[in-house]
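Novice: I'd like to ask some things about the structure below.
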Amino acid sequence: MSFFNFRKIFKLGSEKKKKQYEHVKRDLNPEEFWEIIGELGDGAFGKVYKAQNKETNVLAAAKVIDTKSEEELEDYMVEIDILASCDHPNIVKLLDAFYYENNLWILIEFCAGGAVDAVMLELERPLTESQIQVVCKQTLEALNYLHDNKIIHRDLKAGNILFTLDGDIKLADFGVSAKNTRTIQRRDSFIGTPYWMAPEVVMCETSKDRPYDYKADVWSLGITLIEMAEIEPPHHELNPMRVLLKIAKSEPPTLAQPSKWSSNFKDFLRKCLEKNVDARWTTSQLLQHPFVTVDSNKPVRELIAEAKAEVTEEVEDGKEEDEEEEAENALPIPANKRASSDLSIASSEEDKLSQNACILESVSERTEQSTSEDKFSNKILNEKPTTDGPEKAVDEHASDVNLETGAELNDQTVGIHENGREKKRPKLENLPDTQDQQTVDVNSVSEENENNRVTLETNTDCLKPEEDRNKENQETLESKLIQSEEINDTHIQTMDLVSQETGEKEADFQAVDNEVGLTKEETQEKLGKDGTAQKVITSDRSSEVGTDEALDDTQKAAELSKAAQSGEGDEALAPTQTLAEKPTEGPEAGGAEEEPPGGERVEDKQPEQQPAVCEAEGQLTSTSETTRATLEQPETDEVEQVSESNSIEELERLVVTGAEARALGSEGEAAATEVDLERKENAQKVPVKAESQAPAASQPSEPHPVLIPSININSETTENKEEMGALPKPETILPPEPEHEKGNDTDSGTGSTVENSSGDLNLSISSFLSKAKDSGSVSLQETRRQKKTLKKTRKFIVDGVEVSVTTSKIVTDSDSKTEELRFLRRQELRELRLLQKEEQRAQQQLNGKLQQQREQIFRRFEQEMLSKKRQYDQEIENLEKQQKQTIERLEQEHTNRLRDEAKRIKGEQEKELSKFQNVLKNRKKEVMNEVEKAPRELRRELTKRRKEELAQSQHAQEQEFVQKQQQELDGSLKKIIQQQKAELANIERECLNNKQQLMRAREAAIWELEERHLQEKHQLLKQQLKDQYFMQRHQLLKRHEKETEQMQRYNQRLIEELKNRQTQERARLPKIQRSEAKTRMAMFKKSLRINSTATPDQDREKIKQFAAQEEKRQKNERMAQHQKHESQMRDLQLQCEANVRELHQLQNEKCHLLVEHETQKLKELDEEHSQELKEWREKLRPRKKTLEEEFARKLQEQEVFFKMTGESECLNPSAQSRISKFYPIPTLHSTGS
């Protein structure tokens, strides 16, 4: 056995040699150099730890990735190489990299400020424009550096932009980045996070025809800017498939509220978000834009200081009485986005203005008006609807908004925010035992968004006598009037809340003049259920004049409510309500509000709803600015003149009508709402118009603060509890923001709470929630019962000045649900990221395999061509060698034959010459004999003369004879030479013909080979294209399976949540009914005592009848609840099925689109092949013609050559032949005479 076989058996030396990487240290334990001091997070490919160098104490973020093979290790080398090669102040630096025990450690620079999206989540608000400018400029500089170094980031988003404590940013996460080798190189990988993908990247999912370049990062930058301005990226409420379609087909996204932002910002976004790649600006061009001409990073330093500030948390539990009251007064509060509380605190007015310049352009600074849940309440008293239709319209609307917020009832105080102007009005409350006084820190500015209540040094003073409260109310009024006038002088602008998708105005907050002192009252008549006239007084009083009158009104109201509290009654309705509101601009004066969901004005379409807006300039109110209680009364102009008996009769009527109306939708209707006094105060100066337009979807990430009433119930005063109990189901005219959200029924709505990298595959939560309209009351009551108030106080130092910011937030179960949803979406995004990584690896492997196939086939083509040419060249060479040998042999034979023939002829001629010489000798003898016969004396002279004559004649004869022999010899030799030349010509011609035939065969074989190579290359490219599309289909199906799985999980979560909510509602309903029955019975008995005209037996009979009616009503309520639950479950299941169908439809469209692209590409490939073959054949004809012409020319040259040779030798026939020169005929001198 050989040694090599021995090695094969024992696998000696067969292990693949480990590849060494420049920046990765192998077989070194990183924990010997770095100490893990904490965990930072859990990324898509592994955990991220906080590490510290044991020698230098440098901090680093250590990403630990489990890699099972060398191939997986190579996937991360691009990221490591990019990090190692980049040296820029705005790009994180690679500190170290190890590969140890199948774990890849990547240690990068630690940024203590955290990611931008994490900071927004921590502060629960978006960035200001000045902060966005700083982040944008530094990000642009980093991108410009990357693009100059041929690097495409491909995953730019707020989560990959990190803050340092110095106020700078660093770009991170190059896990999916691409490092090109050429400047103009393009990419066609479908990779990145869907919400930030450029349109040209999205198109690469199904078509690789139009690859992208560095400008894809510019689009992602524009999306990231919108994300920083609105907390969420555009279309974040959609599932990724819808997002991809939206990006590809719709117009570029814009800001939700353009009026809030500067023109430079909007123009910068237009330059970034240009769908035409050629028209989109580059990073170098964007760096010249005026939006990024900032030098100081102070806004970011302040932001980081606030985010990293010391936080003190305080949790307050709500009291049971409050919770029960709130169960009757559930208020829709938006909770569909990241919580936001625009805080920006400065130490002086100048600091405030400089720090919040961008905010103050569109959002006024908001004074904190926090209210403690268990200390006081603002009651909203509402008349019970007399008909079911209009009531249900509003109820469904309120319930829809309640549900759409996910029951996330962050009970907070929110003021009306104008564009650069805030009206501050005094808070006066009609509570005998409770008063809440709030002071605003002058050195602080609190800006609050939809789900947060910002509190600055809130002091609550409880249980004061009524006289003290009135006095303090007056003082509070005066102090707040001063503040209001100061701010009114500073900020006089206008802000509109606009729905982004439809452009419809939901509410116009219009600034009003600063003049005070005008008092105006308007009376509106409405018909109640029994046809009696009802009047609502809309009063507009100045902040100074109407204070005493309002105090008198509230005292009257308190007296009347006390008189109605005898017996078991838990509730009594305040009989007098004063309305404070300036006339709105429009056809109807008196501040008439409109109801947007149905496009109906409350005064026109809902006569049973006449909310009383309480005046805040002096009243201790028990009603809200958005609701008006209508009391049955005589035809009078003054509400204060209503008698006590009329009030009680009205209460009784409300009890009866309310009982009938509640059977239809008590659980699903929004309960009566308390509105913070700040709303009332602002409403007196700022008329609110809710335009009656069709509800439409709005941008979910709208950061602009809107009007949201807080829900505050006072459990310490019996009077107010009784007042609230007197209303079985008060109604509420919803504020503009819930109306705004009512339109969010579509996928672009605000129904889901997501993080910045939301990857949820489901449709908008609001699309489901809008289906469950009438299910809110009981679940909201349960949520209210469990809520806690969380106060956060942040203390930090900005430029040497310590700043304290306090925020209050209601903590409910929905908060944990939001966190759970965010976690689930983060998991889904990680799954998507891992899937993309696997796809990228598989694509790279396939590309490598296909490239190898192409190289192999081209190498084989070349080898076959060389082999074929070599074969024919060898044959031609052999033919030429054979021809040469034949010619040489023939020439040798010809020479020998010529020599032999010359010898033979020469021998014969020598014999003939000797004979001729003998003849001449004999003649000479004869002449001599004749001379001897002559006389002797003559003989001598005659002999001499005769000899001379004989010699001359014989010499001439001999010369003539020799010449004749030479001619004969030359003729014979020439004949032989001509024969040989003809023979050679024939052989040469035959050889040339054979050679040309070989050359023809060679060319034909080459042409055939070329054609076969073209066919094989086409088949290979076609098969490779099919393999690529098969891979794409496979990857697309895997993505679709993952999306379907996520959709099913989401649908299951919705069903489980609905089941839980319905279970809670079923459990709560008996308790609510018992409490309600008790209250209604007490009110009924009280009304009997007041109108005691019957005997006790008759009263007892009436009470029995009333109890029977109550039992029947409760049974109807239970039945209605059961039917509603079944309807909700059915609607939800239908919605889930519709969601799945829609998802499958989108998936099928993508698969169909991919198949169409494949068919189109195959068709194009066939057309290209046909064209190439056609062009090759067209080029083949001239090649054949040229070859034949070359062959004819060579034949002609050969013929001319042989012809010229023959002629040249025959030009001088008398000349001695070349051959005869070699074989000379013997002359006379060679023969002896």
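Backbone N, Cα and C atoms are what each Cβ position is placed from, and that goes for glycine too.
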Novice: Ranges 12-31, 772-791, 1032-1051: which does Swiss-Prot label region 'Disordered'?
Specialist: 772-791
Novice: Of SER354, SER364, SER399, SER808, which does Swiss-Prot mark as phosphoserine?
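Specialist: Among SER354, SER364, SER399, SER808, the residue Swiss-Prot annotates as phosphoserine is SER354.
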Novice: Annotation phosphoserine per Swiss-Prot: which of the candidates SER130, SER189, SER296 has it?
Specialist: SER189
Novice: Swiss-Prot annotates one residue of SER370, SER543, SER748 as phosphoserine; which residue is it?
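Specialist: Comparing SER370, SER543, SER748 with the record, Swiss-Prot tags SER543 as phosphoserine.
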Novice: Just to confirm what the record says: which one of THR183, THR254, THR636, THR818 has phosphothreonine annotated in Swiss-Prot?
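Specialist: Record lookup in Swiss-Prot returns phosphothreonine for THR183.
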Novice: Candidates are SER69, SER263, SER647, SER914; I want to know which one Swiss-Prot annotates as phosphoserine.
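Specialist: The phosphoserine feature in Swiss-Prot corresponds to SER647.
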Novice: If you check Swiss-Prot, which of SER207, SER250, SER284, SER344 turns up marked as phosphoserine?
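Specialist: That would be SER344, per the phosphoserine annotation in Swiss-Prot.
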Novice: These are the binding-site residues: LEU40, VAL48. Which one scores highest on other Cβ atoms within 10 Å?
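Specialist: Counting every other Cβ within 10 Å of each candidate, the maximum falls on VAL48.
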Novice: Using DSSP, what is the helix/strand/coil residue split across the compositional bias 'Low complexity' (954-963)?
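Specialist: The composition, in the requested order, is 10 helix, 0 strand, 0 coil.
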Novice: What is the number of other Cβ atoms found within 10 Å of the Cβ of ASP155 (active site, proton acceptor)?
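Specialist: Neighbour count, Cβ to Cβ under the 10 Å cut-off: 23.
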Novice: In the structure shown, which of the modified residues THR812, THR1095 has the fewest other Cβ atoms within 10 Å?
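Specialist: Minimum Cβ neighbour count within 10 Å, taken over the modified residues THR812, THR1095, occurs at THR1095.
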Novice: Which residue, of the binding-site residues ASP42, GLY46, has its CB surrounded by the fewest other CB atoms within 10 A?
Specialist: ASP42
Novice: Using the alpha carbons only, what distance in Å do you get between LEU40 (ATP binding site) and THR1095 (phosphothreonine) once rounded?
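Specialist: Pair distance, Cα basis, whole Å: 78 Å.
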Novice: As a test of reading the model: what is the averaged pLDDT for the coiled coil (1107-1181)?
Specialist: 90
Novice: For VAL48 (ATP binding site), identify the closest of the recorded positions ASP155, THR812, THR1095, judging by Cα separation.
Specialist: ASP155
Novice: Give me the CA-CA distance between THR1095 (phosphothreonine) and ASP42 (ATP binding site), in Å, as a whole number.
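Specialist: A Cα-Cα distance of 77 Å.
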Novice: If you measure GLY46 (ATP binding site) to ASP155 (active site, proton acceptor) at Cα, how many Å is it?
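Specialist: Roughly 18 Å, rounded to the nearest whole number.
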Novice: Between ASP155 (active site, proton acceptor) and ASP42 (ATP binding site), how many Å separate their Cα atoms?
Specialist: 18
Novice: At the Cα level, what's the spacing in Å between ASP42 (ATP binding site) and THR812 (phosphothreonine), rounded?
Specialist: 26
